[in-house]
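Novice: Let me give you the structure first, and then I'll get to my questions.
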Amino acid sequence: MENVIIALDFEGTEEALSFLDLFEGQQLFVKVGMELYYQSGPSIIHEIKKRGHKIFLDLKLHDIPNTVERTMRRLKTMGVDMTNVHAAGGLEMMEAARNGFGESGILIAVTQLTSTSEFQMQQEQLVHASLNDSVLHYAELTRNAGLDGVVCSPLESKCIQDTLGSNFLTVTPGIRPNASEKGDQKRVTTPAQAKANGSSYIVVGRPITQAEDPVLAYEQIVSEWKVAS
């Protein structure tokens, strides 16, 4: 199910691949984050692709434009299906990312992390706008840079798509089934609520990876997504 992305929040290659072996015969869309990528390197991308799965490489690049463009050229050769940058890096950096990655996959930008509250944003980042206004500003900047969409809270998807159109993708972490705890996420919804709000993709980690039966947990989330309007 392409719309449900499983976050492979594991420490190393062996643990991640053992988890994927539970889903034999299925093609998944999985997220490889910093911890797993920095521990395992590009080989983890090769191993996952060899198993036929799609990959969202979640490195949240934020650097000078030239460095980001050169890095994106490398990611392009690895066959990554989706990757991201921080919108806070600015228009020029995002345009450089697009130049480097080309049209080889989906390129999105992080607006505000789902672990960030409005109070934190205003006090620590000195952003004197509402959280929604900040997210929408970054989304518009991302669109203007030629990227495909943003990472945002599912609570913000509807506002973004109402403003920028349904073709502009919203990839939303902070997804918790009703029985799950929020963990370190502050702005969360259920899979059904996320779809109703217009999320293009949802990213789900611990409710699947730490479930007693990960395959069943995944199938239940997929089912909830499919039946939601």
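A Cβ is built for glycine as well, from the same backbone N, Cα and C atoms used for every other residue.
Note: TrEMBL annotation is automatic and uncurated.
The active site, for OMPdecase activity annotation in TrEMBL covers D58, K60, D63. Under the heading active site, proton donor, TrEMBL lists K60. TrEMBL lists D9, K31, 58-67, T114, R176, Q185, 205-206 with the feature substrate binding site. The feature domain 'Orotidine 5'-phosphate decarboxylase' is assigned by TrEMBL to 3-221.
Tell me about the setting of these features in this model.
Specialist: In the three-state DSSP scheme, D58 (active site, for OMPdecase activity) falls into the strand class.
All protein chains shown were included, and the count of other CB atoms within 10 Å of the CB of K60 (active site, proton donor) stands at 16.
According to DSSP, D63 (active site, for OMPdecase activity) is assigned to coil rather than to any helix or strand. Using a 10 Å Cβ-Cβ cutoff, D63 (active site, for OMPdecase activity) registers 16 neighbours.
DSSP gives T114 (substrate binding site) a coil state; it is part of no helix or strand.
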Novice: Would you mind checking how many other C-beta atoms are within 10 angstroms of the C-beta on L59 (substrate binding site)?
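Specialist: So the Cβ neighbour count for L59 (substrate binding site) comes to 17.
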Novice: Output, ordered by sequence, the same-chain residues six or more apart from D58 (active site, for OMPdecase activity) with a CB under 8 Å from its CB, or 'none'.
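Specialist: In sequence order, the residues whose Cβ lies under 8 Å from that of D58 (active site, for OMPdecase activity) (at least 6 apart) are A7, K31, V32, G33, M34, T83, N84.
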Novice: Can you tell me how many other Cβ atoms are located within 10 Å of the Cβ belonging to H62 (substrate binding site)?
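Specialist: The Cβ of H62 (substrate binding site) has 16 Cβ neighbours within 10 Å.
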Novice: Given T114 (substrate binding site) and D63 (active site, for OMPdecase activity), what distance in Å do their CA atoms have, once rounded to a whole number?
Specialist: 21
